[in-house]
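Heads up, the thing below is written out as structure tokens.
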Amino acid sequence: MTRCRLKDFKLLGPNRYSAAPDGGWGWAVAAAFFLVEIFTYGTIKIFGIFLLDLMEEFEESNSRVSWIVSIAVFVMTFNGPLASVMTNRFGYQFVVMVGGLLICSGTVATGFTTSVNQIYVTYGLVAGLGYCLTFLPTVTILSKYFNRRRSLVVAVASTGESLSLFALAPAYSAIRDQIGWRHTMTLIGALQGIIIVCGALLRPIIIEPREPADTDADKSSPKELEALQECERVDPEDRLRKENEMTDGYGNTGVSELKCPQDETNTLLRKDGTKEPELKPAGASQENDETNRDAEKQIINDKSSDCPRLLDFSILRECSFILYSLFGLFATLGFFAPPLYVIELSVSHGVERDRAAFMLSIIAVAEILGRFFIGWILSQRLFSGRKLLVLLVCVLTMTLDLVGFTLVNEFYGLAVCCALYGFFMGTISCTHIPLLAEDDVVGIERMNSAGGVYVFIQSFAGLAGPPLGGVLVDVTNNYGAAFYSCAIGMGLSALFLGLVRPAKKGMLCRRGRSEHSALDPQNKDGEQSGEQRTEIRADCLNNSLQSGDRAAECQETRDEDDVGH
């Protein structure tokens, strides 16, 4: 119990709502996520402005210096399950504030390093781990504060990443030219301390559904309400002990007023609403007392265990989540080629290098527009149940665009491809993680664990994608080969994404679905709550008792027949 009491670090108390507020304190969380995007993914994307300075400072090759960003991204995504475990254990505020501290200290320490190997540790490991503990918990709690407008708010808040690439990269470049890369890196680390303040704004949200207005308690008389309140104040184990002490050998209580009204109602009414016979054998009464005592103890144990599961591995048994994770894995293979190779591809087609540099700016602006567009589209009622279909259309269009990079050979054609890539890159990157909260995938209740496992699976593609593209370019001497590999990966991701919804509806894995249905026909996921299991055990006990009564009657009939003969 002591371990459970230390579970949450709450600088600000939790917000309690009867449903997702679609606003309220959620706007503060959205602003925090906007700043987190600027100083996490946005900072990673603009790290390239320091590559040439690091190569000259430490006399290292391009590949050696490029591993800094690769290590940081891999550590960030590989430790997704760790972020989920820590969030479930300590809460959002504590984890994000610790992540902000790691990012700040790792980036500042990078400005004092004396070798690339030290930067692998300070920026790749320390700051990379901080990025992991910061981004995923923030986007998860933001998804819980919004329901109808979730896609729009997440899309708008995620524009911080694109704005950082578009506006802060030139600003940092100018500062670097004035004070050097070391002092600029220290300045960036100090600014990243804002993430600690953002973590303090992530107030936990608790959804407490309203009880129906027309209840049996409202129809009860004042005396019955007073009795109900008195019974609620009595500890269940003490009440059962007192009832057992006052029960005689025939299973009847001497003072019936000590029974709670709800206990009497549950005794007289069955699950189907019909009344049970009040007279029962003594043995049956004793067995019922034992069953009720076990049920009461189970309820007490369930209420006392406030610590949730740190990581829910049961999601790995769901076909829909496995298919959605494969979508994320292969889609990640299609993200890296244009930012890395579009300039060299343009130069190979005869475009001047100065004009080719505009391709990255086109991608950044189009990505901002794509984020706004997909947020607005998914917030419309028409697409409320078709969000996966909208995402599938975006993935298919992006696949065709990646092929188009290899077919055009002049500036304006490449500029159009970059604009389309940036637009659909924005639509996919800001929706693929929040869509885990949709019922077509895993649902908002299990998003904490699902997000960590999902990002963990993605990490392998993020680590293998750039080297794979580099090998293809070296073998073929053609930068278009990297775009072909990305198009293949994006096409496979579209295939798996198209199978997610059929899997969720049970069109796949029919055997597992039939087994779950056999356990509980009314529960589509095959999961039974504690109340359902208690009712089933009570029905089984009543049926067994009735079967025992019928068996006794049959035996008496046989005995009478034997005597007659």
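Note that Cβ sites are derived from N, Cα and C of the backbone, with glycine treated the same way.
Automatic, uncurated: that is what TrEMBL annotation is.
Residues or ranges marked as compositional bias 'Basic and acidic residues' in TrEMBL: 212-245 (among others).
Marked as compositional bias 'Basic and acidic residues' by TrEMBL: 269-279 (among others).
Residues annotated as domain 'Major facilitator superfamily (MFS) profile' in TrEMBL: 26-505.
Feature annotation from TrEMBL assigns region 'Disordered' to 212-293 (among others).
If you look up TrEMBL, you'll see 514-537 (among others) marked as region 'Disordered'.
According to TrEMBL, the feature transmembrane segment maps to 25-52 (among others).
According to TrEMBL, the transmembrane segment annotation covers 64-82 (among others).
Marked as transmembrane segment by TrEMBL: 94-113 (among others).
Positions annotated as transmembrane segment by TrEMBL: 119-140 (among others).
Here TrEMBL flags 181-202 (among others) as transmembrane segment.
What TrEMBL records for 321-343 (among others) is transmembrane segment. Sequence-remote contacts of a segment are chain residues at least 6 beyond its ends whose Cβ falls under 8 Å from one of its Cβ atoms, and for the transmembrane segment (321-343) they are 45, 315, 353, 356-357, 359-360, 363, 395, 398-399, 402, 405, 414, 418, 421, 425, 428-429, 432, 436, 441-442, 450, 453-454, 457-458, 460-462, 464-466, 468-469, 473, 479, 482-483, 485-490, 492-494, 496-497, 499-500, 503.
If you look at the transmembrane segment (355-376), the same-chain residues 6 or more away from its ends with a CB under 8 A from one of its CBs are 151-156, 158-159, 162-163, 165-166, 338-339, 342-343, 346-347, 390, 394, 411, 414-415, 418-427, 429-431. Look at TrEMBL and you will find 355-376 (among others) tagged as transmembrane segment.
What TrEMBL records for 388-405 (among others) is transmembrane segment.
Beyond its flanks by at least six residues, the transmembrane segment (411-437) meets 136, 139, 143-144, 150-151, 154-155, 158, 161-162, 324, 327-328, 331, 335, 338, 342, 345-346, 349, 351, 355, 358-359, 362-371, 373-375, 378, 387-388, 391, 394-395, 397-398, 401-402, 404-405, 443-444, 447, 450-451, 454-455 of its own chain at Cβ-Cβ distances under 8 Å. Residues or ranges marked as transmembrane segment by TrEMBL: 411-437 (among others).
Residues annotated as transmembrane segment in TrEMBL: 449-469 (among others). Note on the transmembrane segment (449-469): residues 66, 70, 73-74, 76-85, 88, 136, 139-140, 309, 311-313, 315-316, 321, 324-326, 328-330, 332-333, 335-337, 340-341, 433, 436, 441-442, 481-482, 485-486, 489 of its chain, located 6 or more positions outside it, place their CB under 8 angstroms from a CB of the stretch.
Panel annotation: around the transmembrane segment (481-500), residues 320, 323-324, 326-338, 340-341, 345, 388, 391-392, 395-396, 398-399, 402-403, 405-406, 440-441, 461, 465, 468-470, 472-473, 475, 508 of the same chain, lying at least six beyond its termini, place a Cβ under 8 Å from a Cβ of the stretch. As annotated by TrEMBL, transmembrane segment applies to 481-500 (among others).
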PLDDT averaged over every residue in the domain 'Major facilitator superfamily (MFS) profile' (26-505): 79
Any residues 6+ beyond the ends of the transmembrane segment (25-52) with a Cβ under 8 Å from its own? 15, 62, 65-66, 68-69, 72-73, 76, 96, 103, 107, 123, 131, 134-135, 138-139, 141-142, 145-146, 153-154, 156-165, 168-169, 172-173, 176, 181, 184-185, 188, 191-192, 194-195, 198-199, 201-203, 205, 339
The answer for the transmembrane segment (94-113), taking Cβ pairs under 8 Å and residues 6+ beyond its ends, is 8-9, 36, 39-40, 43, 83, 86-87, 119, 122-123, 125-134, 137-138, 181-186, 188-190, 192-196, 198-200, 202
Going along the chain, which residues at least six beyond the ends of the transmembrane segment (181-202) come within the CB cut-off of under 8 Å? 11-12, 28-29, 31-33, 35-36, 39-40, 43, 50, 53-54, 57, 92-101, 103-112, 134, 137-138, 141, 172, 175
